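Marked as domain 'Hcy-binding' by TrEMBL: 182-485. As annotated by TrEMBL, Zn(2+) binding site applies to 388, 470, 471.
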């Protein structure tokens, strides 16, 4: 809960379009009375809260005094054709009243701003507005009317949003400042183990915040509270890195094949929101923040290096502005594309990690796993490895090939592993995506927490020091990694408070046969059953064998048609 204060500010952190405009809000409290919302006043800020848009009326009634920035529809409009705008209100006393009440206080005040999109925008005081636009009522989102104000400013949505985002950025820097004494990723890896987080895309899809198919991260804008909560769970489970939820957050992916996320949010807005969230949670522990790039529809469609790198640069520019700790190039099937991504990231001067979603057979253009490792290091990555597509033990086999090739080439790099939490011994070259169970019937393949502990030990013994997870990895898997490596790390995860090692808590169970399972030997030797009498042990992977440049793999903005689906069925045969 936010502590009561005499003054507060509510700031939209990100914006979409239409009805979704302004859903993510930041509320900041101040220690003293304020008379404006300029960033230099944030030296008095002491608390912050992010909430969803529907909670705004309650927030305003709870905290009527202070500076408020809220979305609104101006009625009747003095701006062109009912343009959506924002009202910045410096409230004086009661601040908020229900119903259709008018602004009463009149203040002579005029100023002008230059809106980059709309040109000069005049800011009028209430008295001038009243003269030209009776009956001077301003309805806030059809729910609430602000009244009894000491001053009123009306400017364009884009201009105020730009100012609000600057304030929000200052708020984050003040409340969650970058700890310059905190060790960076390379220092930590040189000293010991770093535990990564888990699979946000799959976890949030199961929770109802991510759409399967496009797998894009607009939840950072639409439902920031869900992303915050998942970050916190991984932090509590022992994760040392909060990886911003930026997977597939490029503009071409947001509107690929009829996906509508790009109509609501830009890649820049999503990347910024994700970074702000990750920084906020990282500040609650001793965690670092990483921003991630992944493969693009642009590369799959053979658009060329300059076009692909320009897309990467858009994301990287946000990461630099947000002052994240290091960059991760992850989920690349082609070593050529990840080299291009690494080149862009290296220009920032920040440490770069690079992981490919390949198995022991190498990338989809036939480059061996070992050669992929060498090329990532030569491109400039200080940390290399594998993520996604394969289970922990196949991923470790692939990393071993990379390690051997890198050492043979006389190069050095830290090793990183972020595998699936699904067993994939039967997967083809493209991993679990080839399996018929992908993505909606993978549950019988989920690894246990004991599998996660075995993975952590084998990874450590191989020399991997960045040990995390990808799709399917839940916080309890991350906690298992932390528990297995407690001695090496010299600390326990906060979540271990509620979990005794090797089922020790079962000694308190009421049933004697369950109490008898409170031992390591039982869980290490258990072969879990599926409970499905006719469930096959293995599946037949698709193995279509298409890769970048293949006609059926080219991407488009238009939605996939039924005729295209029919052609795919014929292609498959």
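The backbone N, Cα and C atoms fix where each Cβ goes, glycine too.
Heads up, TrEMBL stuff is auto-annotated, nobody curated it.
Annotated features, which come from TrEMBL, shown on the structure.
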residue : record              : Cβ within 10 Å
388     : Zn(2+) binding site : 27
470     : Zn(2+) binding site : 30
471     : Zn(2+) binding site : 27
Secondary-structure category, per DSSP, in which residue 388 (Zn(2+) binding site) falls: coil
